[in-house]
Amino acid sequence: MVSFCCEVCQDIIKKPKLDQHRSRCHGAYFTCIDCNTTFERTDYRNHTSCMTEAQRYQKGLYRPTKKELKKAKMNGNAVNSKELSPNTDNQNTPAGPTKHSLDENEKDKENKKSKKETVSSPAEQLLALTQNQEISLYKLLKKYNKQASKEDSLDSKEVLKHLAITADAKGNYLVKPITK
């Protein structure tokens with residue numbers, strides 16, 4: 001049974017009693033206790049199920065039962081990759097790596113090597129991400145760190161050490177990498 005919290009009077013109400021409470025409590029809107037989703041007006045009527053107690057407390061460790069997986073497939077809900085049991089993953093994949101997958105791995109390695117060789121300094125890497133559009137340095141650094149691995153992520157101090165700002169005759173500011 002799904003329970004909701006009235007955000008106006010802070011009462012906890014089970015779903016069958018929500019309509020009654022809504023007529024008594026003026027301007028009431030509700031939040032599902034299990035999934036912390038807030039519902040305006042009568043949107044709560046469509047909310048029939050959400051995460052179970054096991055999902056909420058176990059988070060990444062939770063593995064759904066076969067029954068839950070079947071229900072999700074029947075309802076058309078997308079099941080997260082974390083929720084798939086490891087047995088189903090192993091049954092669908094072939095026993096050994098195929099020649100096609102090995103070729104793709106080799107191509108990926110070559111692409112990574114060529115990317116590392118072409119762009120060397122952090123400033124040049126950031127300038128490559130701008131794609132001739134105006135973007136703040138903060139957003140640019142955030143975008144780079146999102147794409148990069150943890151050991152390749154950049155600190156803002158390091159980036160600023162490698163950048164130089166110049167003004168041209170028109171009064172435009174140009175950001176260039178410092179060459180040593």
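For all residues, glycine too, the Cβ spot is worked out from N, Cα and C.
Remember, predicted model here, so these are calculated numbers, not experimental data.
Listed features, source Swiss-Prot:
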{"type": "ZN_FING", "residues": "1-26", "note": "zinc finger"}
{"type": "BINDING", "residues": "Cys6, Cys9, His21, Cys25", "note": "Zn(2+) 1 binding site"}
{"type": "ZN_FING", "residues": "27-51", "note": "zinc finger"}
{"type": "BINDING", "residues": "Cys32, Cys35, His47, Cys50", "note": "Zn(2+) 2 binding site"}
{"type": "COMPBIAS", "residues": "77-95", "note": "compositional bias 'Polar residues'"}
{"type": "COMPBIAS", "residues": "100-111", "note": "compositional bias 'Basic and acidic residues'"}
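Shown here: features listed in Swiss-Prot, placed on the structure.
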{"residue": "Cys6", "record": "Zn(2+) 1 binding site", "DSSP class": "strand"}
{"residue": "His21", "record": "Zn(2+) 1 binding site", "DSSP class": "helix"}
{"residue": "Cys32", "record": "Zn(2+) 2 binding site", "DSSP class": "strand"}
{"residue": "His47", "record": "Zn(2+) 2 binding site", "DSSP class": "coil"}
In the same chain, which residues outside the set Cys6, Cys9, His21, Cys25 have their CB within 8 A of the centroid of the CB atoms that define the Zn(2+) 1 site?
Val8, Asp11, Ile13, Arg22, Arg24, Ala28
Positions whose Cβ lies under 8 angstroms from the zinc finger (1-26), at least six residues beyond its ends:
32-34, 38-39, 42, 44, 47-50
Please compute the mean pLDDT of the model over the zinc finger (1-26).
88
Work out how many Å separate Cys32 (Zn(2+) 2 binding site) and Cys6 (Zn(2+) 1 binding site) at their Cα atoms, rounded off.
9
Spatial neighbours of Cys6 (Zn(2+) 1 binding site) that are distant in sequence (at least 6 apart) but have CB under 8 A:
Ile12, Ile13, His21, Cys25, Ala28, Tyr29, Phe30
Could you state the CA-to-CA distance between Cys9 (Zn(2+) 1 binding site) and Cys50 (Zn(2+) 2 binding site) to the nearest Å?
23
Counting each residue once, how many in the zinc finger (1-26) are helix, strand and coil under DSSP?
10 helix, 7 strand, 9 coil
Neighbour count first, Cβ atoms within 10 Å, every protein chain included; then name which of Cys9, Cys25, Cys35 tops the list of binding-site residues.
Cys25
How many other Cβ atoms sit within 10 Å of the Cβ of Cys50 (Zn(2+) 2 binding site)?
14
